[in-house]
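Some notes on the structure that comes next.
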Amino acid sequence: MHRYRTHTCGALRDSHIDQTVRLSGWCHRIRDHGGVLFIDLRDHYGLTQCVADPDSPAFKDAEKLRAEWVVRIDGKVRRRPEGTDNPDLPTGAVEVFVTEIEVLGPAGELPLPVFGEQEYPEDVRLRYRFLDLRREKLHQNIMTRGAIVDSMRRRMKEQGFFEFQTPILTASSPEGARDFLVPSRIHPGKFYALPQAPQQYKQLLMMSGFDRYFQIAPCFRDEDPRADRLPGEFYQLDVEMSFVTQDDIFAAMEPVITGVFEEFAKGKRVTKGWPRIAFADSMRKYGTDKPDLRNPIEMQDVSEHFRGSGFKVFARMLEEQRNQVWAIPGPGGGSRAFCDRMNSWAQGEGQPGLGYIMWREGGEGAGPLANNIGPERTEAIRTALGLKAGDAAFFVAGDPSKFVKFAGLARTKVGEELNLIDKDQFALAWVVDFPMYEYNEDDKKVDFSHNPFSMPQGGMEALTSQDPLTIKAFQYDITCNGYEIASGGIRNHRPEAMVKAFEIAGYGEQEVVDRFGGMYRAFQYGAPPHGGMAAGVDRIVMLLCGTTNLREISLFPMNQRAEDLLMGAPSEVSPKQLRELHIRLNLPDTK
């Protein structure tokens, strides 16, 4: 017999009855029913009920056991008594009558229980992550994550992609966020950077004559805490292809992502034949570049119905050409209570309020806006929005560039409050035609909107003749249920176009050479047209596991202060280590 087990805790069935077995695992739960001890023994594979009564030679040892002790149990498999089967367990028809117990690892008093799924403070869960990971839901999420990554790999290889590994120590580059820097001992005063993404390396692979690259790549960004991103590191399905158009990339990747979602959707519908939505249309209809298409609400520009109207607040705004009035339809929301609730919500979001019109059963409009603009305009708005009696519409006005984010939040809020969002669906879409540049209000200059290596639509001619803020890029995102889950683009593979693109964003040619020297040199020796994308592994897993917290699908995450409470990172290092790296600390004054 094996030293520790003949079977796992998830293996025993009716066919094993009367067999002598050996199991090892953790004491998940111990119950005393009238002097009979029931030990639920758990391992990675499942749970088995073990029974010790006073006649068992191991009863005295069983009485000493406590939760989460690691034990070896020998015993005989028997049928559970009639009426005590547990249909929720694969092993629920049998139990093990205990004949011998060996304690392999006793456990101290638990700072959080493993049995049950009680909510515990995050700092406790992260400090004792090894206990937290024993809990069923989190443990299963981590296993699902591994299966999803396996599925991604398999599907990428079926599409003809080959997996590569790119360096972790690289050069610092301006890709949007701060780099994590690693000091060089051999080169005093110089630093490596952990890659924010394998962007340059994967493009260099295309210039090296390879094709169809992919990698499950760790990425590192020293960013301030955000609700939708873990501090420190994240993983992406990184992809690059040579001699391709945007449509070629869509054709290769849409089946991969669709297939992964279908495999793990647990019965939810998955979009087939993804819609392609232009960035400008997405912002106008949904108020965001990552629309949740489960929500059927589409916003409309209804400025013409308020221009010159009796509602002077909007009418005066519309005298300025840049201002508009957008409507957010609210099907079924035509009650004063709901409209007042939305108005209060808007005020809580820092807005002066949220104008509304509701249509009563007779079809007439009601509310302050309807009273001011009159029945003819009110009816025209209802017709334009396709609304009926019992519906409502909410309105935002001003400069769209300033109110669009709030309008998107309002659309989501209306959809949630009116139960319009289809929770049994993964709604996937491409968002295309992103602007190449945007105006940076902080630095008062034109800057890259997204990836600086993207090809501008119109190429060199667009860079030299168009207003930069009107140039679109061959750049695209994949969105799902309100999350951006992938981003990519066709690359700017001509060196003169690359230099010009960076020049518009305020980078001189020498700075481009200094920062991207390897790739810039490679461009001089025959660079193929190429493009790719990167899909966020963490966000995809989060969606498929049905959680909204990335920590629920990550093994050892940091907290929102970028601290690893289990390992004690970041930590101080010894003076000797600092001297070897030629580093002298200049700490901020904490007084």
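Cβ atoms here come from the backbone N, Cα and C positions, even for glycine.
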Candidate ranges 7-10, 199-202, 363-366, 559-562 [criterion: Swiss-Prot lists as region 'Aspartate']: 199-202
Co-listed ATP-binding residue [Swiss-Prot; alongside Arg221, Asp222, Glu223, Gly536, Val537, Asp538, Arg539] among Glu163, Glu484, Glu580: Glu484
Counts by DSSP class (helix H/G/I, strand E/B, coil) across the region 'Aspartate' (199-202): 4 helix, 0 strand, 0 coil
Integer Å distance between the CA atoms belonging to His33 (site 'Important for tRNA non-discrimination') and Gly83 (site 'Important for tRNA non-discrimination'): 16
From recorded positions His33, Arg221, His450, Arg491, the one whose Cα lies nearest Arg539 (ATP binding site): Arg221
